Each structure stands twice: as structure tokens, then as C-alpha cells.
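Chemist: According to Swiss-Prot, the protein has these features:
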type	residues	note
BINDING	L121, G125, H126, L127, S356, P357, F358	(6S)-5,6,7,8-tetrahydrofolate binding site
MOD_RES	K230	N6-(pyridoxal phosphate)lysine
SITE	H229	site 'Plays an important role in substrate specificity'
Amino acid sequence: MFSREMNIADFDPELANAMANEVERQEHHIELIASENYCSPRVMEAQGSQLTNKYAEGYPGKRYYGGCEHVDVVEQLAIDRAKELFGADYANVQPHAGSQANSAVFMALLDAGDTVLGMSLSEGGHLTHGSHVNFSGKTYNAVQYGLDKETGEIDYAQVEALAKEHKPKMIIGGFSAYSGIVDWAKFREIADSVGAYLLVDMAHVAGLVAAGVYPNPLPHAHVVTTTTHKTLAGPRSGLILSSCGDEAIYKKLNSSVFPGNQGGPLCHVIAAKAVAFKEALQPEFKAYQQQVVANAKAMVSVMQERGYNIVSGGTDNHLFLLDLIDKDITGKDADAALGAANITVNKNSVPNDPRSPFVTSGLRIGSPAITRRGFKEEQAKQVATWICDILDNMGDESVIKRVQSEVVALCAQFPVYK
């Protein structure tokens, strides 16, 4: 039998120390990685529950194991809340991650070798949208679209031209590094013109969509996938949604998730999703998402005033790309310099980037995490000022030390977990 007094620190101090150091890092660093966020203690409680012990292959009411009556309730709660949150007719809460959700959709709707049309990774897409290093680019014939070189927005004319030329079986909308509003209706129009499925990967903007501050792709896409962390602020996991009304597609999706791509679901993570979905249904969640966008816009305004180039000219969501080509600063060096000052970002390729993905000429910056800890426009502008100070004085240790001290002081005023 296990005593509930058992803990990691007494048994494995080396691991406990690493975990404690990560807690300290999160509290004393400003987190600007657009795909990261802080989940609530309720979400972490669910993930650390005894539900982790239960195997439950199958779906609620149709399991391959006994003793699933309680996890059936848990999963159905998550399904029902996901449907309510996004206005969906169908929801599968079992995918372990966004990539697994995308893989399941590919397997459900395509055959190996079929053509897919997705956004280029170097222009803001995701690995699973047809990158040659990913299953989506290895198993399928991937064609890639990008941004209009003049406006920095999605080049819908190119999407349409490529669709007519290559006749893809599926078109993918969505992104990992694009700061504009996507015209989901236009994507569906193009998909219908060539008889293609439309898959929308809304992983980055799911929280914004749930709160009604970003267009919902459900009325337009055949299938929508997402992660459940990022702007949604839940556990690190995946979700498949649809409102297409085609029961045959829903059946294919379920079979593709299990047994096609996965075995048993992670019941403790599904419980955490159920909690996160209920949190996202609360009125304060909309206010949070509105502040996420306001903070991103505030940061952009400061950086533009300081002479920095923002891809697409600004932001309408939670993230933006800082183009450093004209500053002759690599994304790798900028990332390291900011990290030394307790500001965490990620290097990112920018359109027409002359440098490799391991070096890059840009930074991706996001506001979900700083907003989650309570930052408003005032603090967001201060953070942007610090970033510019460091980038304007690359290699100046005195600037880094000064900013680091000020960052720690600000973080102390806005603890993540009190």
C-alpha cells in the first residue's frame, strides 16, 4: 500500500531539485514563447490524479476493459464541454497532442501518396502541414503555399492557383507563426472548387476562438484540430472537432484515433481537458483572451516605434514575428541574449530567411503566458522596451544585467502561482 505522504524529494532529491529549479525559472522569467502558457492548479490536480492508473481502450460505453464506468463520465464531460465551447457537433478528446490529432485526420481522410496543400513551415506553417521532415511530407505529396511578399498576409491567390494546379485531396489552414486573421470562408471556397477536404489546425488560436475574439473555423472546415494548451491554457494534449454533419467522417475520425493511431487514452489528461474546457466557458476567460490580444498589440507598437520590423505589419492575435534581417542579428543570438536577461522567446524563421532553421533571422513572440500572470498593456510595453534595449545593445553585459534585475522585480509583483 502507498502512503499519501510519499514524495519525490525524499526518494529522488536529484529529480526533485531539477523540478524545483524549473518552478523557480517559471516564476522569475518572463515567458514569451507563443505556444506556452500556465495551466491552473485545477488542471494540474486532474493530471496528477489516480485516473492515470486506468486503462480505457475504446470510447465511452464501448470499452475493451472493465471498470470504466467512472472514466466514461470523465470523458463524456470533456466531449460535451468541447462541443459547447466551440459550437461543434463532434468532438474526440483522446488525441495525445496536436500532432497526433493531425495524423489521425490524415489517416482518416487520405491515402498514402495523396496530395495535400498546406502552409510552408518557413512562412508560418507547422511541421504537420506538409514539411518534408514530417510524416505529412513523407507519406503524402505535400504542396506548400506562403505569404504575399508585399503585405505579409496569406497569399490566397497562390493558394487558389496551387489548388487548381495540383488538385489536392485536402487543404490545410492554420499556422504556428502567423499574426493575421485567416479567412476561413475563402479557404473553404477554394477547397470546394477542387473537391478537397478543408482541415483547419487552430492550435494557436483555440483560446481566442473559444472566447469569440478570433473567427471560428468550425462553420467552414470539414475538420478542425487543436492542441489544448497554448491560448486555451489547458493540459498539453490534442482535440479533434467537426460540425460538417457527416456521420461517416465522424466514424472514420474515431477509428483513426483508436485503434488507428493510438491505444489507450490518457484518462488523467482527459480529465484535465474537461476542467480546462469548463474554465474556458467562464466569462473571465473572454476578458483574458481580449487582454492577450491587447498585450500583443501593445508590444508591437513599442517595437515598431523603436524601428523594428514586424512580419505582416502587426498582429491581430496572440503572437507576432520580429524580423531581424535588417538589424543583422540572428534569431539564435537574440534568443540567447534575451534568455540571459530572464526573457524567454524562441528563434524563428521569417519569410525569405537567408539563414538556416537552426540559426534564423527572427523571433516569435507571444503574449498568452504574460497575460495569464496578470500583465496588462503597461507591463507588456515595458517588456517590449527591455527586448529592444537588449537587441539595440547586443553583447553589452551591463544592459543584460540591468534588464534581468528589473525582470525579476516585475515577476515578483505578478507570481504565476501564489
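Here the Cβ of each residue, glycine as well, is placed from N, Cα and C on the backbone.
Predicted, not measured: the structure shown is a model, and the values here were computed from it.
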Chemist: If one looks at the chain holding L121 ((6S)-5,6,7,8-tetrahydrofolate binding site), which residues at least 6 apart in sequence have a CB under 8 angstroms from its CB?
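Modeler: L127, H129, S131, S176, S349, P357 - these are the non-local Cβ neighbours of L121 ((6S)-5,6,7,8-tetrahydrofolate binding site), listed in sequence order.
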Chemist: G125 ((6S)-5,6,7,8-tetrahydrofolate binding site) to K230 (N6-(pyridoxal phosphate)lysine): how many Å between their Cα atoms?
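Modeler: Taking the Cα atoms only, G125 ((6S)-5,6,7,8-tetrahydrofolate binding site) lies 16 Å from K230 (N6-(pyridoxal phosphate)lysine).
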Chemist: Measuring Cα to Cα, how many angstrom lie between H229 (site 'Plays an important role in substrate specificity') and H126 ((6S)-5,6,7,8-tetrahydrofolate binding site)?
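Modeler: On Cα coordinates alone, these residues lie 16 Å apart.
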Chemist: For G125 ((6S)-5,6,7,8-tetrahydrofolate binding site), list the number of other Cβ atoms lying within 10 Å of its Cβ atom.
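Modeler: For G125 ((6S)-5,6,7,8-tetrahydrofolate binding site), the count of other Cβ atoms within 10 Å is 24.
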Chemist: Which whole-number value in Å describes the distance between the Cα atoms of S356 ((6S)-5,6,7,8-tetrahydrofolate binding site) and the residue listed as 'N6-(pyridoxal phosphate)lysine'?
Modeler: 26
Chemist: What is the number of other Cβ atoms found within 10 Å of the Cβ of H229 (site 'Plays an important role in substrate specificity')?
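Modeler: By my count, 25.
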Chemist: In sequence order, which residues at least six apart in the same chain have a CB under 8 Å from the CB of H126 ((6S)-5,6,7,8-tetrahydrofolate binding site)?
Modeler: M119, G174, F175, S176, D201, A203
Chemist: For the C-alpha pair, I'd like the distance in angstrom between K230 (N6-(pyridoxal phosphate)lysine) and F358 ((6S)-5,6,7,8-tetrahydrofolate binding site), rounded off.
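Modeler: With the alpha carbons as reference points, the distance is 23 Å.
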Chemist: Across the record's (6S)-5,6,7,8-tetrahydrofolate-binding residues L121, G125, H126, L127, S356, P357, F358, the largest CA-CA distance in angstrom?
Modeler: 16
Chemist: So, three-state DSSP: helix, strand or coil for K230 (N6-(pyridoxal phosphate)lysine)?
Modeler: helix
Chemist: Could you tally the C-beta atoms, other than its own, that fall within 10 angstroms of the C-beta of S356 ((6S)-5,6,7,8-tetrahydrofolate binding site)?
Modeler: 11
